[in-house]
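What TrEMBL records for this protein:
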TRANSMEM  B:12-32  transmembrane segment
TRANSMEM  B:71-96  transmembrane segment
DOMAIN    B:71-283  domain 'ABC transmembrane type-1'
TRANSMEM  B:108-129  transmembrane segment
TRANSMEM  B:156-184  transmembrane segment
TRANSMEM  B:205-223  transmembrane segment
TRANSMEM  B:265-287  transmembrane segment
Amino acid sequence: MASITIRGVKKNYAKTQVVHGVDLDFASGEFVVILGPSGCGKSTLLRMIAGLEEISDGTIAIDGMVVNKLEPRERGCAMVFQNYALYPHMSVAQNIGYSLKVAGVPAAERTQRIQAVARVLELEHLLDRKPMALSGGQRQRVAMGRAMIREPKVFLFDEPLSNLDAKLRVQMRSEIRKLHRRLNATSVFVTHDQVEAMTLADRLVVMNGGRVEQVGTPAEVYSRPASRFVATFVGAPAMNMLEGEVTLDGISLLGGSRKLNVSRTGLAVGAKVAVGIRPESVRMVAPGTPGALAATVDLIEELGAGRVIYVDLDGAPFSVVTSETVHPEPGSTIGLQFAEADLHFFSSETGGRLDVFKVSVPEPALQG
Amino acid sequence: MEKRVTFGRWTIGILFAVPQLLLIFTFFYWPAGQAVYWSLTLQQPWGGGNIWVGLDNFRSILSNADYWNSITASLVFAAISTGLAMVIALVLAALTDRQLAGSRLYRVVLIWPYGIAAPALAMAFRFILAPEAGFMAVVNKFWPGFWDPGLDGADAMASVIIAFSWKYVGYNFIFFLAAFQAIPRSLIEAAAMDGSGVIRRFRDIQFPLITPTIFFLLVINITESFQDSFGIVDIMTAGGPANATNLMVYKIYSDGFKGLDYSGAAAQSIILMLLIIALTIVQFRFIERRVHYR
């Protein structure tokens, strides 16, 4: 068990900088998920912790000891790779036991520990097979076993589930979670899949363009996104964003066609803002309901348990998630309602969250 | 549905194969058959037909100490030059794969030697390794008599081995490098995470994974060292001194075209062919077992 401290870490490749100064603290035994789109520097950050990439600037410390100059093997981390990276010429048992063999653990103890790990991962009947003869899920488990057997201080996962099919992914997700509860080692898990991130994380780190956008529990990140990027990246379907401008008595939306009554506090008239609302916070009502916003239905996606209704709001795309059994026809008009407490405000310039707004008019929040 | 192309009538398939079969027959089976026929007859130097002599040619060759000397020289040449060319190429490829400084340069420069014709290359090495001028002359100045491939058989053998290996280092290097680069980077990284150092990783991961290439190059290098050595030997030593570098392939030429013993030369070429076949079978039987195909 170990804490990880990351201070001002940067990564340059030749002239391009891919990680721009990251500061993070991972507590001992914590399961941290780093979430971000491809190219955001999340894997690079993970590989710098592992020692597979050089750290251009800043420091990474594991258990208080700066590891910048240490070889991967000296850092006490184990890593599960995206493509599993199993040694194709070795059997499952040899794959799992390789690190022990390198460390010079006697054969008898090695066998015993391989057996123990195989039992946990239900790989006992596969120990003599070569990776070629395994299914994707089994390979994944062997890769986990190889990481587990060393009893590392830190587990690093580099998108380990992205090569699995959807069903297996859900299953492996809960297995990883269970495993973490058992071993209680500090785990850093990198993914671009927000469902994976939300379900696995004790704490979520959202990255974009080589910077950390937000750190928090999945619930915090979902309910109080720190930036416009986080708001639209976390949650599916993505949060609706309406561009607006601060006026004397509120916010004028969508180039002035709609208006939001709020008392401005601290923002200059004319400031550009983005107003966000999650599709699942929007209620669908009959058109013409007082205070409801009229919109035209574009497309309906059936999810089984509910449906996503994509509507057109004066040319801006907008989506609604509903579990009601109403089936509006595409092209028809519906009314939309939402509570002001569910609104999020972001600066159009910096993308940062604005909490200075107090919605003053209780109902209706929006005037159509 | 069947994915590959199939022919409804077998005659069409045969027609497609005919040009290739004709080429193989004309340039391989026919000459080889002729050689077998000649080896069993006595060709008269001034014409006048062949006389059937059965295995007499083989008997006379195999009872000749010169010929056994040639076989030994060929085996020594094959073993040392193959070993040298492969080990040097393997080391260079391993270093290049690690992206050490200058690796780009190696990659381009190292393929060139293979493109040079054997006689041109041999000519260059004749000058480079000349005892009377250049680098070896300096060595000879400090250790008089140390190096003289014109008089010392071992020195002459070393010269042809150096020239031949130099040519095949480039060839082997390209294959080794391709094999190294086909190993997924993450395997090396996984081994690094497992605590394995550079040398250990090479031994446990990279080396086993390039065994198919090593095996292929071993077969090719040994075969070529029996055949492709002709031009180098001809220019550098002409088989001398005192037959020290009279390799089998060179002896076929000198006995046949200089000594005008066509039948004996034909018999020698049959023996050389059988030797290469035997060596290749041995390699497939005993070495291929240790190859890990992915």
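Glycine is no exception: its Cβ is also placed from the backbone N, Cα and C atoms.
Model, not experiment: these values are computed from the prediction.
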TODO: State the residues, same chain only, that lie 6 or more residues beyond the ends of the transmembrane segment (B:156-184) and have a CB under 8 A from a CB inside it; answer 'none' if no residue qualifies.
DONE: 73, 76-77, 80-82, 84-86, 88-90, 92-94, 96-97, 106-107, 110-114, 116, 118, 121-122, 125-126, 129, 149-150, 205-206, 209-210, 212-213, 216-217, 221, 224-225, 228-229, 232-233, 236-237, 240-241, 244-245, 247
- [ ] Could you pull out which residues elsewhere in the chain have a CB under 8 Å from any CB of the transmembrane segment (B:71-96), counting only those six or more residues past its ends?
- [x] 103, 106-107, 110, 157, 160-161, 164-165, 167-173, 176-177, 179-180, 202, 206, 214, 217-218, 221-222, 225-226, 229, 243-249, 275
Task: Cβ-Cβ under 8 Å with the transmembrane segment (B:108-129): same-chain residues at least 6 beyond its ends - done: 92, 135-136, 147, 149, 159-160, 162-163, 166-171, 173-174, 228, 230-236
TODO: Take the transmembrane segment (B:265-287) and find every residue of the same chain, 6 or more past its ends, with a Cβ under 8 Å from one of its Cβ atoms.
DONE: 32, 35-36, 38-39, 43, 57-58, 61-62, 67, 71, 215, 218-219, 222-223, 226-227, 248-249, 251-253, 255-257
